[in-house]
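Feature annotations, courtesy of Swiss-Prot:
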- ARG55, GLY56, ALA57, ARG98, GLN202, ASN253, LYS254: substrate binding site (BINDING)
- CYS163: site 'Transition state stabilizer' (SITE)
- ASP243: active site, proton donor (ACT_SITE)
Amino acid sequence: MPVPPLPLHVPAVGWSPDLRALRILDQRLLPGAQEVRDLVQLEEIVEAIRTLAVRGAPAIGVAAAIGLVVALEVDSGGQETRARALLADYAARLQRARPTAVNLGWAIDRLVRTAHRTAVGSMLAALRAEAEAIRAEDVAMCEAIGQHGLAVVPDGARVLTHCNAGALATAGIGTALAPLYMAHARGRALTVYADETRPLRQGARLTAWELSRAGISVSVLPDGAAASLLSQGLVDLVIVGADRIAANGDVANKVGTYGVALAAAAHHVPFYVAAPGSTIDPHTATGRDIVIEHRDADELGELPPGVPAWNPAFDVTPRALIRGYITDRGFVEPPFTLADYAGR
């Protein structure tokens, strides 16, 4: 069936119309303002990723790929020798922007490998083509995740999700929200509960915004109410995205995901993870090996003077709590190998 249209006026991440810049929808300003930004300088691209102007593992990968290309083109003046000299440094600076999301490193690695195998005189064109391939693949992977995920989203489903893994987190219709968009397009009635997702409120600001724009019934709840909601039998399934999936099936996702998974298990509600193959990292053995990014204390609001903060951006949900993994290749089971990982 036709793919449902994006609930956004423009994709969250992609090329500018003239193909000379990285275009993003600045998510720091949502839902109050919709501001599109065109970026070409490496530092502003790194800053956009680091400050969550563009966020979501797949979207970060696309942003890094396009951003690396346009920054190299601008700063080299189109001179390949200069671009090759800048490549390693620019790639490393982008990879350091957010360490937990595997798609960022995956996309940069693809471009670096492309540069190394490309003949002299055609590197910049080859990098541009590879970045576009990464963007187009993400759109297709989102659609495939949505199609496969329809199997667990029946008519009348009541779904809980955490953070934002929708169109705002990808170049397409999302990962965790893709099956919901597909189900809605088929006329299935849905009730969605979106965790607020403190401290940056991605669920309240972003998930609720894009679902409501698509005409899907959505309610926001404080993070601390998720267990109560599950205990009252008001949820049929939980679907979340992922920033990195270890070889054994452990999943790093927005902090608070682990608590939702524990509550879902306690109340016998199936818990699914939706992610493209590019988010599976067979080189990371378990969740204990995943580097967890910590954010600044000022994200937590005003604190008493001298009181420190512990503010991890992600937590790790063990494989034992996960009913299934919905990927662009269908439902998969760990242990994961290179064959499960797109582009490795």
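In case you wondered, yes, glycine gets a Cβ from its N, Cα and C as well.
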So how far apart do the substrate binders ARG55, GLY56, ALA57, ARG98, GLN202, ASN253, LYS254 get, largest Cα to Cα in Å?
17
Measuring Cα to Cα, how many angstrom lie between GLN202 (substrate binding site) and CYS163 (site 'Transition state stabilizer')?
5
Please report how many Å separate the Cα atom of CYS163 (site 'Transition state stabilizer') from that of LYS254 (substrate binding site), as a whole number.
6
Would you count the other CB atoms within 10 A of the CB of GLN202 (substrate binding site), including those on all shown protein chains?
27
For the C-alpha pair, I'd like the distance in angstrom between LYS254 (substrate binding site) and the residue listed as 'active site, proton donor', rounded off.
8
Across all chains shown, how many C-beta atoms besides its own are within 10 angstroms of the C-beta of ARG98 (substrate binding site)?
22
Using C-alpha atoms only, work out the spacing between ARG98 (substrate binding site) and the residue listed as 'active site, proton donor' and round it to an integer in Å.
11
I'd like the number of other C-beta atoms within 10 A of the C-beta of ASN253 (substrate binding site), please.
29
Any same-chain residues 6+ apart from GLY56 (substrate binding site) with CB under 8 Å of its CB? Would you list them in sequence order, or say none?
ALA12, ASN164, ALA165, LEU168, ALA169, THR170, GLY241
